[in-house]
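What follows is one structure encoded as structure tokens, with my remarks underneath.
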Amino acid sequence: TERESAMAARKRASSDATTTAEATKLPSAAASDPQIAPSKAGRILRYSLIFLFPYLYLIFYHYSIESELKKWILINAAISFAGFFLTLAMIPVASRYVLKRNLFGYDINKKGTPQGSIKVPESLGIVVGIVFLVLTILFQYFHFTADSNWLVEYNAALASICFMILLGFVDDVLDIPWRVKLLLPSIAALPLLMAYAGHTTILIPKPLVPYLGLEILDLGWVYKLYMGLLAVFCTNSINIHAGLNGLEVGQTVVIASAILIHNVMQIGASTDPEHKQAHAFSVYLTQPLLATSLALLSYNWYPSSVFVGDTYTYFAGMTMAVVGILGHFSETLLLFFIPQVLNFLLSLPQLSGYIPCPRHRLPRWAPIYSSGLFDPRTGLLTGTNDGTVVNLFLRQFGRMSEKSLCILLLVFQVVNHTYSLFFLKAAGGGLMHVWNAIPGILLGNAINFERVIVDLLRIDSALGCCFCFLLRWFLTGWYK
């Protein structure tokens, strides 16, 4: 009928109007979504070649690595490279969600400037952690078989890392008490320690052998306790040595690069298949960490578009502890953490309560006044008396911008790793024979000076981990 036709026409018109209204609302809603600054991926990739060139040179030219082992390292590298672009694509999407849930912060070092009033999304380390787990599980499917000897340790490593990602994100969201933070990292390391199948022995220095009656001492559970303390230290050392745009992720990238170079050196120089597999195991976990961290650094580098949160610092620290422990070079790993150990030692008086400790131990933002006018573009950071490496560098080298300070700290980290790798290379070559000859000439007997140095380093590392555990027990929540 005409009436039904008229009603149908009105319904179609109403439906078309509704569709048109929704279509006009969608662009405005999309336009109102919070946006972050574009990534600096091109610049980060160019600078990363500084570390990638030596790594690739050692793999393809310097050492003769078995074709099968080299193939799996390259397959893992290809998967990690894909993870780099996946992380780049996911960070802007995750940023919009965390901003809608009011997970944001303000850049304290830019307070008083237009950049200091911008809401910066936090806890973007969760993206890196998720992509890392996806990459490592995919590689596990292709590489490991059901009867593989390394499958148990690989799964234990992923369990510990996943636990720390969860802990970090819960801390970012709920701001959990420090007593819980003290307990959970230790528990998260339990799967790692239970799956550890490496040695628990140390070499006794030759001058002490006549008195002890043995050359090798098996520490048993004490050595595993040391490794647990190492996991606690690595998990928190990245979190403490922070406060600048790009510093947390930057130091992780530098340490991960040094770990990769060290592993390839050990694989190429060793003739023990088990030793090679242990270091290859470390490579399989470090390459995805490096790739995903480079993607995060593309957004976190100065001026930072996102903040990494405790999620990333806990995840990165536990991952490096895992590769050091299950790769059977936990003592060497501490050589790469010397700047972090120095930062802890400088922080100890404040963290122990001997000196008052503020909530944020960051440098002050010191603007320069020119012709009586305030120019925020020339603002520099001024070091305070707080015990951190960041403030120490400002006190020693004078005021500088946040970007210059971060670069200087990362260069210091690179110099430390270069020296550490040279020391390790020399320890395996002929240079240490000179060191061995000096005490023999002076004391008239044969003392293995190399072993003395290594044992002193082990003692120093163990003491550092014990101090770090006490730090967590006393004042884990000093930064809250």
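The backbone N, Cα and C atoms fix where each Cβ goes, glycine too.
Predicted automatically and left uncurated, TrEMBL annotations should be read as such.
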Transmembrane segment range according to TrEMBL, out of 207-227, 249-269, 396-416: 249-269
Touch test for the transmembrane segment (75-99) and the transmembrane segment (249-269), at least 3 Cβ pairs under 8 Å: no
Feature contact check the transmembrane segment (44-63) with the transmembrane segment (120-142), CB under 8 Å, 3 or more pairs: no
